[in-house]
Structure formats: structure tokens, C-alpha cells
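Taken from TrEMBL as is:
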ACT_SITE  B:ASP64  active site, proton acceptor
BINDING   B:HIS60, B:HIS62, B:HIS140, B:ASP210  Zn(2+) 1 binding site
BINDING   B:ASP64, B:HIS65, B:ASP210, B:HIS268  Zn(2+) 2 binding site
Number of protein chains: 2
Amino acid sequence: MKLTILGCHSATPRDNARPTAQILEMKGHLFLIDCGEGTQMALRKNRVKFARIKHIFISHLHGDHVYGLIGLISTFCLLSRDADLTIYGPKGIKELILIQLKLAGVYTSFSLRFRESEINTPQILLEDDSLQVTTIPLEHRIFTHGFLFQEKPGDRHLDIVACQEYEIEKAYYRKIKQGHDYVKENGEVIPNTELTTDGDQPKSYAFCSDTVYKEDIVPQITDVTALYHESTFLKSHEHLCEKTKHSTAEQAAKIAKKATVGTLILGHYSSRYGDYELFRKEAQEVFEKTELAMDGKVFEF
Amino acid sequence: MKLTILGCHSATPRDNARPTAQILEMKGHLFLIDCGEGTQMALRKNRVKFARIKHIFISHLHGDHVYGLIGLISTFCLLSRDADLTIYGPKGIKELILIQLKLAGVYTSFSLRFRESEINTPQILLEDDSLQVTTIPLEHRIFTHGFLFQEKPGDRHLDIVACQEYEIEKAYYRKIKQGHDYVKENGEVIPNTELTTDGDQPKSYAFCSDTVYKEDIVPQITDVTALYHESTFLKSHEHLCEKTKHSTAEQAAKIAKKATVGTLILGHYSSRYGDYELFRKEAQEVFEKTELAMDGKVFEF
């Protein structure tokens, strides 16, 4: 699982402080999460292959999370893309994109699908053999959800030496890796646990931005490998959180601690602060395993 | 008159090749012309004061000319702007902006007006004591117009020595600068030409992008101080012009020559060419006074 931060700053974009956008690589997929203005430039800078992005997840319709989307889609059109594209986001996102394509007289050369949300409980957006993506209901000034990306348990690891000792033919390996016992010709059953060891631990990633401190997301994101939680403010500006529906670094850390996540990644910093280390310090007083998102930074799990 | 090129490249924006946007300073106004994605970052980079932009002119609704506008307006809102803003552009631009503000739940703190065009003859968009802005009908794949910015003739220059010789009181100077003759108490008339010399030559700027080669714009832009004319292609790709409704550098130069403009500025280069000097060379074979637009370049006239 690999997470590339394309932008992690709040509100007004600047050349050295891009708005929210991330690329999550999971089980062969390349997911784009949020798409603030300039995301297509950041994708080029980080050498992400446009055609590999087939699913785009938009948390909410504030500009710093979505105003790069129409430009990216237009570029896909110019490049004569043919891969399908599905966009997941709040109700209204389809209208927002289609009106602009219509006014520009642009027709997509590829299949463009929308899946709009307007429900405040977790919804499964995408599921295949290897993973599942679910919305995380958040609370912001407009309808907003985060996303929970979960790998499914993979195959068990084959104990080749044990299989050879039992003289099992290779044709059975696939079933054994899937967890089945082996039945010898004489009827004797070799339990799967003698032939395999546990497979890789499924990884998971929770993206929670933008949101006010919202404790009831904890059960859904408990034990995720990594949690990105917005931290627009430091504790010194906590009084702004209720009106703006944002969180502090300390609040993000409290969520991370309650959910016993593997790593907390902070981001969506207000431009009023010059020193990002202050966010890390504040969070680490509550939750040690805290990292700072930075434009262009890559996290591998 | 000062022109700052914020971006001058066609189609897909890259960090080192921004889409179309320009700032024209004329008679105390700061006009933004077109607003491709990332324009607000370019404005910051070029240290343009946001509050001084009160009129934005959009040539057409293709993404590389307009997809930065919603982000810029959103930033104006975040910065609690109170200066009025008027946006001039093709019919549809109001809907394009308002739907996005509505979906974001954003209300402007300032007066935001739209003036939409859908007429294929020159229309006066803005006029005050010092200047006039008129549309230039162009021909592109969708409804497109350029803009002609014209200073009005200013005051005549006072010949102070002559005025003193005629013992004219200072109270009359303003009328004399405006071109009036002076009548002495005895009824004798001193003609204005004895008291003044010609004022500064009014300057003018024509912005023509995007467009196919369109000779009938020549009468409207004749003798402008500077003409920005798109040159998406070199002559070697002239066969692409008819389908895409773009021009070559040579065609831009032909227009400049026929219109006897002061300076031709080329831009809107296709990304297929590595060497921009090829555009200059091609144009200069037809029209010597050719300059190349480059991101961040400033032209003073």
C-alpha cells in the first residue's frame, strides 16, 4: 500500500502549497482521492500515469477538494483516453462536471460514470476480490464523507517443504493457499494449518477530511494501517473549529488513539502557521506514531 | 500600458507551461484576461494584488481559458473581498460559476456581476473617461471573442512658458489642456495650438485567442499598439488549423502585417514543439516586430 500526497494544504492554493489530492496504490489499483485545483500538474510532477487512474473519490464539493477535477477530465479527453472512469462524490458532482463539459462543447472519448452519495451512513462504493471502499460519514459545513479503503485477506502462504513431504501435486496448491485442507487418496485429511502459514495482514487506509472532531467514526476506522485526518488548526485556534467545522492536530490524535490506528498522517494545514512541526508536536503528545503530510511525500505501508 | 503574461500555453497545463491568462494594466485598471487552471497561483507568483482586479474578461469556455476562474472567485470569498467584480464572457459563464458556488455552499461577500455575450459583432463591454473595451468576434470551435482595449485620447500637454507669456491664470489650465482656446479680457482669442502640444498617443491592445485565421478582424484592430494573436501551430501543421480552428505563427504575422500593428505577441503554443524560437522565426519572415509570450514575461508599451 503506497500513499502519495499530491497536495495537503487548506483553502487558497499557492505554488508551494497545493490543495488536497492524494494517490493511493492498493492491490494494483491507483485511486485518486480529492482533486483540488492544479492536481493534474501535481500528477505530472509525481509521474503518475493518467490512464491508470480509473476511480476518483471526492470527499466534498469545496473548491480546494474538487476544482481540479474538470481540468483533469478535460485533459483525459484531449489525450484521447479510452479507459473507463468512475467518479464517486456527493450529490451534485455529476451536474458540476457535465455542465462544464457541455459549455466547452467537449465529449468524452471514454466511459465516464458517476456515483453520487447523499446518505449519512457508511456505503460500500466499490468492491472486488481484493478490496473494498466504503464511505466514512463526516461532519463539515457541507455534506462530506471520507473513505475507508480495505484490502481483503489474501491467500495463505504455502509451506512448500510440508507440501513436498506429503507429496501433494502442484495442481492442488491454489486451493490449499485459499485455506482448504488436503485429502489424501486414502481419505486421510491433512489440515490446512500444516501446509500453510498466515498470509499478509490486509492493509487499510482511512481518509478523513474535512471534518470537525467526530468521535463516532472511531468504530469504523479502528485498527486501520494508516489514518489521514485533517488538522486545519492547532489547539490555540480550537475555538474556530466549531464554526468552520475543522479539527485541531490534538483532536486528530485523539481519534487516532481511540481507534488504535497504525500511523496517523496529519494534513489540511491552515496557511496561518509557518512551522508544520508544531502540528506533529501537538499530536504526538497524544499519539506517538504521527506523521506530517507534505506535497510530494510518499508513505509506504 | 503594461502586459503581464501569466500563462500562454495551449491545452493541458503543466507546472512549467501554464494555460492562458494575462494581466493588462491600462489607465489605472488591472484587467485579467482569461483564467486557465492555476491562474491564482500565477497571480501570487507575479505578486498581483487580487483586490485590484475588478474586471475579468473570458474569451471562451474551453478549460484552458476558464477553469481557474471558480478557484480564483472562491479565494476572493475566503479573503473576504469587498471590491466589486464584473466578469465578461460568453453566454453560460454565469451558470458555470454560480452552480459551483451553490454546490460549495459559498456566498460572495462582494458584488459579483456577469455580462454575457452571444453576438458575433463588436460590442462595447466597458467604457469610462479613460478607456473602452470592445469584443472582437473570432472563430473557434465554440463561441469565442477577443477583446480590444483602447485608451481614449488624454489631455494635451500644456506649454507653460506660452501660458505665462500670455499671463493666463492657473485656473484656466484644465480647460486649455482639454483643448479649449483662451479668450483674453479684451476679446482676443489665443488658439489652443499656441498654448499646448499634442498629448500622449493613446495606446491600445488587442487580444485574439483562440481563433482560426480570420482576416475580417483587421479593420477593427488596425494600428493597435500591441496585438496578442494565438499561434498554436507552425506552418508545418497548418493542415490542423481548419479542424481545430487555430492559427499558425505565419498566419498571426499576416494579420499583424495587414493591421500594421506596433508589436505582435505570439502565444498559445501547442506542446508538440520544443523550441519556441521557431514561432518567432516563422512570424518574422512576414512581420518583423514579433515577440514571444512566455509565462511571467512582462511587456511595457
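The backbone N, Cα and C atoms fix where each Cβ goes, glycine too.
Shown here: features listed in TrEMBL, placed on the structure.
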residue  : record                       : contacts (Cβ under 8 Å, 6+ apart)
B:HIS60  : Zn(2+) 1 binding site        : B:VAL66, B:GLY89, B:PRO90, B:HIS140, B:ILE142, B:PHE143, B:THR144, B:HIS145, B:ASP210
B:HIS62  : Zn(2+) 1 binding site        : B:HIS140, B:ARG141, B:ILE142, B:ASP210
B:ASP64  : active site, proton acceptor : B:HIS9, B:SER10, B:ALA11, B:THR12, B:PRO13, B:PRO19, B:THR20, B:GLY36, B:GLU37
B:HIS65  : Zn(2+) 2 binding site        : B:PRO19, B:THR20, B:ASP34, B:CYS35, B:GLY36, B:ILE58, B:SER59, B:SER209, B:ASP210
B:HIS268 : Zn(2+) 2 binding site        : B:CYS8, B:HIS9, B:SER10, B:THR20, B:SER209, B:ASP210, B:GLU230, B:SER231, B:THR232, B:HIS246
- Query: Looking at the binding-site residues B:HIS62, B:HIS140, B:ASP210, B:HIS268, which ones have a CB within reach of chain A, meaning under 8 Å Cβ to CB?
  - Reply: B:HIS62
- Three-state secondary structure of B:HIS268 (Zn(2+) 2 binding site) from DSSP? coil
- Message: In the three-state scheme derived from DSSP, which category covers B:HIS65 (Zn(2+) 2 binding site)?
- Response: helix
- Lowest local Cβ density (other Cβ within 10 Å) among binding-site residues: B:HIS140, B:ASP210: B:HIS140
- Note on the structure: Surrounding the recorded Zn(2+) 2 site, with Cβ no more than 8 Å from the Cβ centroid of B:ASP64, B:HIS65, B:ASP210, B:HIS268 and those residues left out, we find B:SER10, B:ALA11, B:PRO19, B:THR20, B:ASP34, B:GLY36, B:SER59, B:HIS60, B:HIS62, B:SER209, B:GLU230
- Message: For the Zn(2+) 1 site (B:HIS60, B:HIS62, B:HIS140, B:ASP210), what does the 8 A shell look like? I mean other same-chain residues with CB within 8 A of the CB centroid.
- Response: B:SER59, B:LEU61, B:HIS65, B:LEU138, B:ARG141, B:ILE142, B:THR144, B:SER209, B:THR211, B:LYS245
